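Down below is the structure, laid out as structure tokens.
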Amino acid sequence: MSVTGPQLLVAMDFNDINDCLALACQLDPQSCRLKIGKELFTTAGPAVVESVQKLGFDVFLDLKFHDIPNTVAGAVKAAANMGVWMVNVHASGGQRMMEAARESLVLFSHKPLLIAVTVLTSMDQSDLNGIGITESPEAMVARLASLAKLSGMDGVVCSALEAGAMKVQQGADFLTITPGIRPASTEAGDQRRVVTPEQAIANGSDFIVVGRPITQAEDPAAACAQIVNSIQ
């Protein structure tokens, strides 16, 4: 699958629709897309998706659906009805769940990209050990990614540290969306496995997710432009 349009996804990690729209108005939909996650969507609902779409932005609805197959299928279909560009599910929900999500989109002429989440970038080996998983983050990512591809997903969310291996294992057309991306001048925050935008793209990331380095910048538009220029 070829990558078209902006590769930068700005994480709109707000709890108020007005704060989201104030920032969106400073950004250029020709340079970036917007990621709307659980906190903002729970607070503002579909209205926030519609509002930023009216400003010209593609939306990645980052709700990481993980439930029984029928419930996830209904949620993915609802997201598609909103006209989102991308939506995601947890690969750990299993093959039947992911296949149900894919099948829910069959009748849509303009389907959103359907992406599976592998291992959250906040998790390292000690976190996995704590929930009874002894394999490395890299091994778990590879296993879940193979299951996601088998289930008909368009790609995965993974650390940029695994993006290159993902392309080798799953093929160049299998999309990689990588959070935990921070310019070298910023702190890592709560993301443990982080790389810079340039490193991420060089390592095989198709789309990079950046939050606070843009949303909390003194000049968000300039911060966004700097990242875009660094990956072109």
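Every residue, even glycine, has its Cβ placed from backbone N, Cα and C.
Feature annotation from Swiss-Prot assigns active site, proton donor to K64. Annotated substrate binding site per Swiss-Prot: D13, K35, 62-71, T121, R182, Q191, 211-212, in sequence order, evidence recorded as sequence analysis.
Sequence-distant neighbours of G211 (substrate binding site) (same chain, six or more apart, CB under 8 Å from its CB) are V10, A11, D13, listed in sequence order. Cβ environment of L63 (substrate binding site): G37, K38, F41, A75, A79, V87, N88 lie under 8 Å away, each six or more residues apart in the same chain. For D13 (substrate binding site), other Cβ atoms within 10 Å of its Cβ number 18.
Every protein chain shown contributes to the tally, and the Cβ of K64 (active site, proton donor) ends up with 17 other Cβ atoms within 10 Å. Between K64 (active site, proton donor) and T121 (substrate binding site), the C-alpha separation comes to 14 Å. The most densely surrounded of the binding-site residues H66, P69, T121 is T121 (count of other Cβ atoms within 10 A of its Cβ).
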